[in-house]
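> Annotation comment: TrEMBL describes 155-189, 190-224, 225-259, 260-294, 295-329, 330-364, 365-399, 400-434, 435-469, 470-504, 553-587 as repeat 'PPR'.
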Amino acid sequence: MSKYSSQSLKSIFRIKSPVISRTITPLPFSTSSPSSNLTAAILNAKTRSQAMRLFDSAIPRTDLTKNLTLHSAIIHYLTRARLYPDARCLIKRLIENLRKTRNPRKVCSLIFNSLGEIDSGSSCNVFGVLIIALSEMGFADDAYRVYQKMGELPSLHACNALLDGFVKIGQFEYMWDIYSNMLSSGLCPSVVTYGVLIDACCLEGEILKAKMLYDEMAEKGIQPNVVIYTTLIRGFANENKIQEAESMFSKMWEIGVTPNLFTYNTLMDGYSKMANAGRAFQLYQEMLNHGILPNIVTFGILIDMLCKVGEVIAARNLFACMVKFGVGPNLFVYNCLIDGCCNTYDMSAALEMHSEMEKLGISPDVVTYGTLIKGHCTLGKVDEAERFLLKMETRGVVVNSVVYNQLIDRYCKDRNMEKALALCSQMIEKGVQPDVVTFSILIDGFGKVGDLEAAMGVYTEMVIKGLKPDVVAYTALIDGHFKRGNAKTALRLHKEMMEGGVAPNAFTFTCLVDGCLKNGMIGDAIKFFLKISSSRSTGVEVDCSNGVLSFPNNVTYSALIHGLCKDGQYFKANKFFVDLRCNGLYPDLPTYAMMIQRHFEARHITCVMMLKADMLKTGFMPNPCMYKVLLKGYQDMVDLSSTRKCYEELKDSGLASSGASLTQSLQDHVNSSALLT
């Protein structure tokens, strides 16, 4: 019985929601209109200076929201005078101030109505300026409402701003509707329009559509600029189509468009994600040769790549070069270096980097502390990891579930489930709710200590909270139930897993194969094994997370071969052994020993010789157990010559002292055989 009752687990995972009270007090706002004479005077001003003097004399700069009519008048004047940046700036300040005292949803309508009350002959352009201002401020929905109320298509500049506004907030369907209206109204797209559309396609992962728009530009005689090429390069790189990205890069040079720093950074980033340090640094050198100086983004890309491929010394050397270019390090670069040091188990260097960044006034964030905690947990230094957790709380850095999960996982690996649960309770008290990873870690931890009841209790709490168990959780439960002899429950969980759309990995299949074999379900074991093989041959991949192979590994093969041999199905066992070797996998010595023993029993001496040669070719040297199998086999075959050879090999291998009894058995066998002859 588990000492963790269902009730105690429920108390740990009970959600503790903080009570938040907020009172909103509206500020006073006056819409009293000034005299119509002042409005007319602003509209009829001869110069910008005169119009602004009249406006400022009535409304101080510190009170932009006092009178909307005068604001509307000056905006109309500036727009009619084609002073669009000034008009846009004034609208933005007006929006910001109105949103402080008014319902944000009503601000747009308030300004639109006020602007519409003035007829200066430039209403369409005025509304276009309003659309641009709203779009640039991130209020694309409000800008779209203005667009709908206008009753006519605004200028191309306003349309482009609205398209870009929707791209920035990820509402691509509205963007395509607006573009369709532009085309149907006869408004010709510009290079800016195409730049926005191509950017949208790349963000949506529609790289082929982006390429079609690029080709369409060429057909219309519109010359792509450096922004469009850089966007396409980024799109291709993000889709792992690095050759197409290179093709675009070459095309730029061909048509005379010079790549800029952003272009080089984008392409270098693509190669860094592929861990192609050679080409990334080639581009870096090429960039320097063209007189383009690197920035912090450049160094961040290269240092991050070097750390990820384990070249931490090279990364630190490049870090030192930043000073020569006058580029100061930032939080991202330090986090990359600290992560690189932790991954190479050099915690002293990681701590040195942490100390250095603090001296420079760069405050560590949750990533910094999380990386240091992960590094200490990996080395089993859980006390040091806990100290960094306390430091985070002291510094006011919000601890997230990722950080807690690393510590909980360490405690589970140390089989300290009490501490793991205590930490889980602590994170909930701090307002951080356990996620799928948290529950999976605990389920796996309880599974490893053999407390299946507690593992199922955590699983139940997980389901109650509406969280979907992942492959780690399911695999741990399946393995635990098989080990308890609960094959029926294990298979039910596997079925539930498949129906829930959770892809099994090789660990899952290995548990299924091994579990079925140990529970005497040979047919089911073969069925699961063949399912893995068919997924490989048909291209259907199982989950490859956690570095797990998506096809049968040598552990899976070995489990099946041993099970079949124990069941007396030697022919099938041999078939799977041959498949194992054909797939480029290597059996372990116990598997070789078992197959050699079966071939001895079948008196297949040629197969024995071939297996022994294959074993030596793959780098495995016979151990005392293997020599024991060989001795018995040759003895049963009455093969004195091979027996003598085994004895000589054993003496030459240096195993004679560790296997004294075996050596004596061989010597006795040789002596008795000599007497017989």
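Just so it is clear, glycine is given a Cβ too, placed from its N, Cα and C backbone atoms.
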> Please average pLDDT over the repeat 'PPR' (190-224) for the predicted structure.
93
> Could you give the residue numbers and ranges of same-chain residues that sit at least 6 residues beyond the repeat 'PPR' (225-259) on either side and whose C-beta is under 8 angstroms from one of its C-beta atoms?
191, 194-195, 198-199, 201-202, 205, 207, 210-211, 214, 217, 266-267, 269-271, 273-274, 276, 290
> Taking a Cβ cut-off under 8 Å, which residues six or more beyond the ends of the repeat 'PPR' (295-329) line up next to it in the same chain?
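Residues 261, 264-265, 268-269, 271-272, 275, 277, 280-281, 284, 287, 336-337, 339-341, 343-344, 346, 349, 357, 360, 362.
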> How does the repeat 'PPR' (470-504) divide up by DSSP, counting helix, then strand, then coil residues?
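Breakdown, helix to coil: 26 helix, 0 strand, 9 coil.
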> Determine how many residues of the repeat 'PPR' (190-224) DSSP places in helix, in strand and in coil.
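Residue counts for the repeat 'PPR' (190-224) by secondary structure: 27 helix, 0 strand, 8 coil.
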